[in-house]
Amino acid sequence: MKHFTSVHDLDSLDEALKLAFELKKDPYKYQTLGKNKTLLLVFFNSSLRTRLSTQKAGLNLGMNVIVFDINEGGWKLETELGVIMDGDKPEHIREAVPVIGKYCDIIGVRSFAKFENREDDYQEKIIQQFIDYAGVPVVSMEAATRHPLQSFADHLTIEEFKTKERPKVVLTWAPHPRALPQAVPNSFVEWMRQTDYELVVTHPEGYELAPEFMGDLKPEYDQMKAFEGADFIYAKNWAAYNDYGKILSKDMNWTVTDRQMAVTNNAKFMHCLPVRRNMIVSDSVIDGPNSIVVPEAENRLFSAQAVLKMLLDQMK
Amino acid sequence: MKHFTSVHDLDSLDEALKLAFELKKDPYKYQTLGKNKTLLLVFFNSSLRTRLSTQKAGLNLGMNVIVFDINEGGWKLETELGVIMDGDKPEHIREAVPVIGKYCDIIGVRSFAKFENREDDYQEKIIQQFIDYAGVPVVSMEAATRHPLQSFADHLTIEEFKTKERPKVVLTWAPHPRALPQAVPNSFVEWMRQTDYELVVTHPEGYELAPEFMGDLKPEYDQMKAFEGADFIYAKNWAAYNDYGKILSKDMNWTVTDRQMAVTNNAKFMHCLPVRRNMIVSDSVIDGPNSIVVPEAENRLFSAQAVLKMLLDQMK
Amino acid sequence: MKHFTSVHDLDSLDEALKLAFELKKDPYKYQTLGKNKTLLLVFFNSSLRTRLSTQKAGLNLGMNVIVFDINEGGWKLETELGVIMDGDKPEHIREAVPVIGKYCDIIGVRSFAKFENREDDYQEKIIQQFIDYAGVPVVSMEAATRHPLQSFADHLTIEEFKTKERPKVVLTWAPHPRALPQAVPNSFVEWMRQTDYELVVTHPEGYELAPEFMGDLKPEYDQMKAFEGADFIYAKNWAAYNDYGKILSKDMNWTVTDRQMAVTNNAKFMHCLPVRRNMIVSDSVIDGPNSIVVPEAENRLFSAQAVLKMLLDQMK
C-alpha cells in the first residue's frame, strides 16, 4: 500500500481487519514503530471524529503529530493551473503540497466535494494533487468521493456486532437540510461490495449513486421493503449525483424511526456522525438499545491506526 | 476524585495543595505517570492561560495532549434534547461527548455562561452533559458558574505570598465594558470559604453573588472599608446575578488604584487575567511591586498538573 | 545567543551553517536535547512553512511543542501603554507575554508589520515586548522588519546549489496585488551582506529598502541589467518603505519570466513562498528545472532546528 484513498489500496482486506482488531486489543503494541516519524494532518474542512481519532492513532504508534487547519492558520490555496494569482488565494497547491511533504512522513488530508462541478469532484482533484506532489504516503481523511477510514471502521463494527455469518446490511438515504457529498455512501457501498454481506441500497428516485460505486447493484426504492429482515441499518443523507449536488427531497417519511426498524431483524442502527436528530433518525432509535453509533465512532481510532501501521511498516 | 469541577471534588484540599507545591518544585517528577494516556482539551471559548498551562501540565506528566477548538475545527453542537435538527448545528452533544470520551482518558472542557437563561447556566448544562456521557474523568477549564483551576491557583498564590497565618483576603468587583460571567468570583468565594482566611467580598449594590456560593457571608458595599487592613486584593468584574447578566454599573470609582491600596496592609494585588487596565486596575497598581498577577498565572500550571496527577493516580 | 531576531544575534554564522548541515544529515542526532523543554509558538499571522517547520524542528530535538494562534483561540492583545482598555481588546501584551513565558522555555513569535505607522513597525514594538517581558529566549518567526529563519534557510540553499565560490545573487522586486511587508527583502539583504556573495538588489524607483538594511549597497533600477550573469534570482514583492506601505507599481514587466532568466548564468530561481504565480513569476520559471523553491522551503526545517539547538545548548 502506497497511499490510502479507498478499499482498493489495501494489500489485503482480511489482514487489515485482523490488524485493526489486534490494535483494538492492545493499542500500544507498536508504540515505538512511529518514533521519529511525523504525521501531518491537513484539514480543508471541519472534523471531529477524524481529527481526534487520527491524531490519537498516530500518537498511539509513537509518531509526532502536527495538525494543520489550512484555511485558518495557513494561506488559501489556488488549485487551478495556469491562472494569474491576483485574487484572494496567495498560495498554489503546487508549492504547498511538496513543501508540506518535506516536513513529514505521512500526510492525512480532508477535502470535501465542492459541488461546483461534478467532474472536478469525481476526478478527486485535490487529493490527487497531494498524491502527485507530496512525495510521501497520503491518507484520505475524507475526499470528494470517498471516506475510506469511515468505511473501514464501519466494516469493523459490523464484524463485531453481526450475529450471523452473512448479515443483511441496508444503506438508506434520509432527509437533511443541506446538500451533502456522496463520499460516505459511495465509500460504504464500495467497501461492502468487498465483503460477502447482503447489501441493499435504498433511496428515493433521483438519488442514484455513481455507477462506478454501485456496479451491478440496483437500488431498492421502497424503503420499507429494503428494511425487511435487515441486520444493520446504515443511514446517511446525500445530495443527488445525476442532478449533481441538488436536494431533490426532504421527505420526512424517510427519517429512520421505530416504524421502519420494526420490520427489521432487530437491526443495529449505524451512522457515521455527525447526525441530525429527528431528520436522519428519531431520538427513539438513536437513543435506543440497538444504536451502535458510538462504538462505530470508536472504531475510527483502530481503522486509522491500522492504516498508519501498514504505511509505517513499508518505511522500515 | 472522579471529576474536577469545584473544590468540593477534592478528596483533601490539604493534600492537593501539598501536591501542587511538590510539582512546582519538581515539575517532571511524575513524567512517566501519563504514558499512553491522552488528555483532550475541548474549548468552546477563548483561552490563553488555561489553554497553555493545561497543555503543559499534561505534557509534564508524560501525557499525549490533543487540543480541540470545537467551534473552529469541529461542528457546532446542539445541546437541547428533542429538537428537530434542521438549523445551523449539525451535531448533538449527546453523540459528540461519548465519542470524544472514546479517544482519550481525561477530558478538559471550557464552556462559559451564555447569559441566555440563568437556570441553564446555573444547572451547568454543558459540563454536566460531559460528566454524564463522556465515560472518562472531566476537568472544568471554566464552566458557567465556576473556574476551579483558577481558584486552586489563587489559593497556592496566597499561600506563597502570605506573611501571616490568617491573611485578610478581599474580593472586589471592578468596572468593565462587557457583561462577564460570575464563574471566577463564585469559585473564588467557594474555595476561600474552605480555608481559614478572613474573606471579605465588596461590590456595588445589585451585584450580590448567588447564595449557594456566598453562604453566610454578607457583602460589604463600602469598598474603602473592605480594603482596610487587607493583605490580598482580588479584583474581578462580573455581571449581576439577580438581574441576570446585566451591567448595573461602570462606576470608575471602583477601579482599583493607589487610593484604595493605600488603606490596605501593603496588600498584594491579584487578578485571574486577562485584565482591562485602567478599568479594573490602574497601570500604577498592576505594574507596581505588589502586583502578583504573573506568579498567580504561573501557578495555573501547578493547579492543573496536581488535578491531572490525582486523576491519573486513580486509573492505575 | 540570547534571542534570535537577525543574523547579528548569531555568535558565529559559520558555526550556525555547519550545525544546520549537520542536522540536515542527521535530524535526530540531538533528539534528547530538548527533553522536558517546551517550545511555544505564538502566531499573530498566517503561516504554513514557518508553522510546520518550526514545530517539526522542536519535535526533532525532543521538545514539547505548543502552538498558539493568539487571535483565534486567545484574546486580542492591547499593545499600547497607558490606555483605558474599554474597547475590543481584553488583554494587554504586558501581562500576556510574561505569562506565556512561564509556560515554556523558548517562545517563537510571528507578528507582521501592520503598515499603520512606520516607526512602530521599524521599532519592532511587538517582538521587542516579547524580548523585554518574556523571561525566556525569543525566536522571530517573522517580525515587522525581518524574517531571519527564512534568510538563514536561503543562505543554506545557496550554499547547497552554488557552483562557484562567489555566486552572483540578485534580489528582484516583482508585482503583487497587495501591500506586503519588507521583512523578507530586508532580512535577505542583511544576511547576504554577511557573506562574500556578489549581491545585487533591483526594483522600480520608489521601492528603496531602508538604509539600515542596504548600507552602502545601491539598487540597480534596470532589472535586465541586474539579471545579467546572475547565479541566483531571489524574487519578492514588497510595498514602499519611503512612501510607507504604498503600492507604487504593479508593472508586470517585472514578473520573472523566461525572458529575464535567459540573460542569467543559468540561474536558480528562489522565493520564500507563498508565491503568486504569473504575478511574481511565470509558471514556466517556477515549474522549470532551475526552480529551487521547494528545497529552499525544506531548509526552513534545518535553519529552525539549528537555532533551537543553539538556544537549548545555552540552557544546559
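Note: Cβ is positioned from N, Cα and C throughout, glycine not excepted.
Lifted from TrEMBL, the feature list:
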- A:2-160: domain 'Aspartate/ornithine carbamoyltransferase carbamoyl-P binding' (DOMAIN)
- A:S47, A:L48, A:R49, A:T50, A:W75, A:R110, A:H147, A:P148, A:L149, A:Q150, A:C272, A:L273, A:R300: carbamoyl phosphate binding site (BINDING)
- A:E142, A:H176, A:K236, A:R276: N(2)-succinyl-L-ornithine binding site (BINDING)
- A:184-310: domain 'Aspartate/ornithine carbamoyltransferase Asp/Orn-binding' (DOMAIN)
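Everything TrEMBL records as a feature, shown here on the structure.
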{"residue": "A:R49", "record": "carbamoyl phosphate binding site", "Cβ contacts under 8 Å, 6 or more apart": "A:L273, A:A297, A:R300"}
{"residue": "A:W75", "record": "carbamoyl phosphate binding site", "Cβ contacts under 8 Å, 6 or more apart": "A:K89, A:P90, A:E91, A:A96"}
{"residue": "A:E142", "record": "N(2)-succinyl-L-ornithine binding site", "Cβ contacts under 8 Å, 6 or more apart": "A:N45, A:S47, A:T50, A:R110, A:S111, A:F112, A:L149, A:Q150, A:A183, A:V184"}
{"residue": "A:H147", "record": "carbamoyl phosphate binding site", "Cβ contacts under 8 Å, 6 or more apart": "A:S140, A:A183, A:V184, A:S187, A:C272"}
{"residue": "A:H176", "record": "N(2)-succinyl-L-ornithine binding site", "Cβ contacts under 8 Å, 6 or more apart": "A:N237, A:I247, A:K250, A:R276, A:M279, A:I280"}
{"residue": "A:K236", "record": "N(2)-succinyl-L-ornithine binding site", "Cβ contacts under 8 Å, 6 or more apart": "A:L171, A:T172, A:W173, A:A174, A:V184, A:P185, A:F188, A:H271, A:C272, A:I280"}
Item to complete: Compute the average pLDDT of the predicted model within the domain 'Aspartate/ornithine carbamoyltransferase Asp/Orn-binding' (A:184-310).
Response: 98
Item to complete: Give the number of CB atoms, excluding that of A:L149 (carbamoyl phosphate binding site) itself, located within 10 Å of its CB.
Response: 28
Item to complete: Give the residue from the binding-site residues A:R276, A:R300 that has the most other Cβ atoms within 10 Å of its Cβ, counting over every protein chain displayed.
Response: A:R300
Worksheet item: Are there binding-site residues in A:S47, A:R49, A:W75, A:K236, A:C272, A:R276 whose CB lies under 8 Å from a CB of chain B, and which ones?
Response: A:S47, A:R49, A:R276
Practice prompt. Measure from each Cβ of the binding-site residues A:S47, A:W75, A:H176, A:C272, A:R276, A:R300 to the Cβ atoms of chain C, and list in sequence order the residues where some distance is under 8 Å, or 'none'.
Written response: A:W75
Worksheet entry | Counts of helix, strand and coil residues, the domain 'Aspartate/ornithine carbamoyltransferase Asp/Orn-binding' (A:184-310), according to DSSP | 47 helix, 18 strand, 62 coil
Practice prompt. Could you check what DSSP calls A:L149 (carbamoyl phosphate binding site) once collapsed to helix, strand or coil?
Written response: helix
Worksheet entry | Residue among the binding-site residues A:S47, A:C272 whose Cβ has the most other Cβ atoms within 10 Å | A:C272
